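Participant: Sharing a structure here in structure tokens format.
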Amino acid sequence: MQRYLIKFSYSGIRFRGLQRQPGEIFNGEFPCRASIQTIFEKALLRLRQYEKALETNIQFSSRTDQGVHSFCNIAHFDLSLQKDGSALSPHKLMKILNTYCEKSDISLSVNNVEAVPPTFHARYSSFYRHYLYRIAVTDKDVKAYPIVEWKKCYFIPKPFCLDNAVKACELFEGTKDFASFCHHFKQKPSGYPTIRTIDHFYIKPGRPLFDPVYDPLYSNIEFYDFHVKARSFMYKQVRRMVSVVVALAQGRMDLDQVCQLFEKPGEWNPRAMTAPPYGLYLLNVDYKIPQDEQPQRLVENQGEEFAQSDN
């Protein structure tokens, strides 16, 4: 067997999230009803080296929710070697995966493929996840937004005090009990771990996705980017963190109320409405590849026999 590490990006609008969900439908007519995991499994099953019995062997570093985007997520999976003992080249594998995504009209792209030792694990070999959350602050009477920004950022009305947002972000850094930011915490089993270390959490002025010269709807819109970096997060934790800072910046909460979320773990303030998924982007995953084992011998020029066709 040869283990492969893949880096990939996607727009989360058309997917049911990253992890396979019950009742998924994936075909040429309804690709938007599938998860990213299902897409990859469908693509890999075109390869003779990918055994159906190992259909669940693809492992991801970061599971993103429906609507969340990614510039660089990572995953790993194993493929069988050929009769001559060689492994499918990373270049050939990347071409096969991207060709499948293009023909299926899917907003998913594999950016890099690398052969790695069998001791590498996409989840456990990763030590940092870096997320970006985009917001756009507009006048209260704005009813139309730039179409390029549709489900790519969170539009909120003024007022928005940047200075207060900066102060609030500082309260989240360090090792704390984030039980209040855990989705459905009271339904979790006793002893559920909620201690997390946030290495960086800050907000800075952002920018539009398109040149405002070409779209007058960009006028009077202020973009801001939240950046958060940590080893791990709980479900919806980043979006809840952003929602609390936004609530404070808009005057719906004060600093004392933010502090109470840490002083009374597990208690949520309804004045902070969980930010929607489509403003969230997984920017990068930092990982380390073990050096104790070398990848299997690779052959660059593989024949078409290694790929099956659905025709």
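Placed from the backbone N, Cα and C atoms, the Cβ positions cover glycine too.
Below, the features straight out of TrEMBL:
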- D65: active site, nucleophile (ACT_SITE)
- Y131: substrate binding site (BINDING)
- 168-287: domain 'Pseudouridine synthase I TruA alpha/beta' (DOMAIN)
Participant: Can you tell me the CA-to-CA distance separating Y131 (substrate binding site) and D65 (active site, nucleophile), as a whole number of Å?
Facilitator: 13
Participant: Over the domain 'Pseudouridine synthase I TruA alpha/beta' (168-287), what is the model's mean pLDDT?
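Facilitator: Average per-residue pLDDT within the domain 'Pseudouridine synthase I TruA alpha/beta' (168-287): 94.
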Participant: Quick check on the recorded positions D65, Y131: which one has the highest count of other Cβ atoms within 10 Å of its Cβ?
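Facilitator: Compared across D65, Y131, the most Cβ atoms within 10 Å surround Y131.
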Participant: Write out how many residues of the domain 'Pseudouridine synthase I TruA alpha/beta' (168-287) are helix, how many strand and how many coil, based on DSSP.
Facilitator: 40 helix, 32 strand, 48 coil
